[in-house]
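**Student:** Would you mind keeping the following structure in view while I ask a few things?
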């Protein structure tokens with residue numbers, strides 16, 4: 001009863017029980033849809049310390065959060081990330097600690113992360129062609145990422161999920177091959193419509209947009225898709241494959257089928273801004289609270305609760321429209 005009475009409820013009666021925490025804005029890739037090629041990263045004093053990140057996680061779990069996802073940038077380039085995972089995973093009441101990674105550091109870190117208590121991994125994979133993969137990531141090594149995926153499987157992670165951002169004319173001819181790759185390794189895969197965050201020069205977003213409906217129609221030419229009621233507590237909607245019971249295909253559709261009505265999420269940027277919506281700038285500065293009142297759990301809890309009235313009902317992303325959010329995805333928490 002005490003947990004219910006302390007639950008985080010926004011102004012539209014949505015229960016907030018999922019926190020996405022960015023632990024760094026830095027990354028060893030420069031993906032074309034995520035950041036500028038010459039990205040300027042934040043100085044260390046501007047980002048939350050590992051202890052500050054833990055304090056926020058601890059307070060959210062005390063307020064009923066049951067799922068935390070660690071993001072970046074690339075979370076595995078943050079020194080001390082394995083220890084942070086261990087501390088957060090041990091919080092009483094937390095059901096799931098997940099991470100989204102580009103996979104490059106998993107050959108050496110998959111086993112330590114699993115041993116520390118990380119529950120699940122999402123791994124970005126936008127192409128199976130080495131040259132194309134390098135073009136999309138600007139610096140990435142496909143073989144290294146595949147080695148990371150295999151290391152995660154050996155470490156014991158279950159329900160590993162691949163994330164693919166679909167860009168028309170750049171990787172949309174690989175949809176079937178990516179699903180077959182997932183089937184071969186008994187992985188889930190989610191296809192994502194590009195998020196319109198930050199001004200990019202690599203491609204015109206309106207021209208590169210590929211809707212989830214189009215992706216699903218193309219896959220249906222090769223596979224039998226069975227709609228599922230399963231949920232990962234996030235925005236993805238899943239289909240089962242008649243041809244492969246161990247693989248689910250998901251779709252995240254911020255443009256064509258937005259998931260705002262049931263949104264249960266907030267995001268913490270590495271600067272300590274609590275973002276109430278991916279597509280809005282409404283935020284609460286938790287870093288200011290953490291540093292002005294170190295160790296004061298009550299003040300931190302009050303700031304979190306006070307922020308909920310800022311959460312809007314929905315975002316207003318438009319395909320091909322003007323960029324409304326200037327922060328890049330790596331600054332938001334991917």
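The chain as shown is numbered from 1 upward.
Just so you know, glycine gets a Cβ as well, placed from its N, Cα and C.
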**Student:** Among 161, 302, which residue does Swiss-Prot annotate as binding GTP together with 20, 69, 100, 265, 266, 267?
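**Tutor:** So the GTP site in Swiss-Prot includes 20, 69, 100, 265, 266, 267 plus, from the candidates 161, 302, 161.
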**Student:** Mind computing the max CA-CA distance among 33, 73, 124, 195, which the record assigns to S-adenosyl-L-methionine binding, rounded to whole Å?
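**Tutor:** Across 33, 73, 124, 195, the widest Cα separation comes out at 15 Å.
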**Student:** For residue 260 ([4Fe-4S] cluster 2 binding site), what is the tally of other C-beta atoms lying within 10 angstroms of its C-beta?
**Tutor:** 17
**Student:** Compute the average pLDDT of the predicted model within the domain 'Radical SAM core' (11-236).
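**Tutor:** A mean pLDDT of 93 is what the predicted model shows over the domain 'Radical SAM core' (11-236).
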**Student:** Let me check the 10 A CB neighbour count of residue 34 ([4Fe-4S] cluster 1 binding site). How many other CB atoms are there?
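**Tutor:** There are 28 of them.
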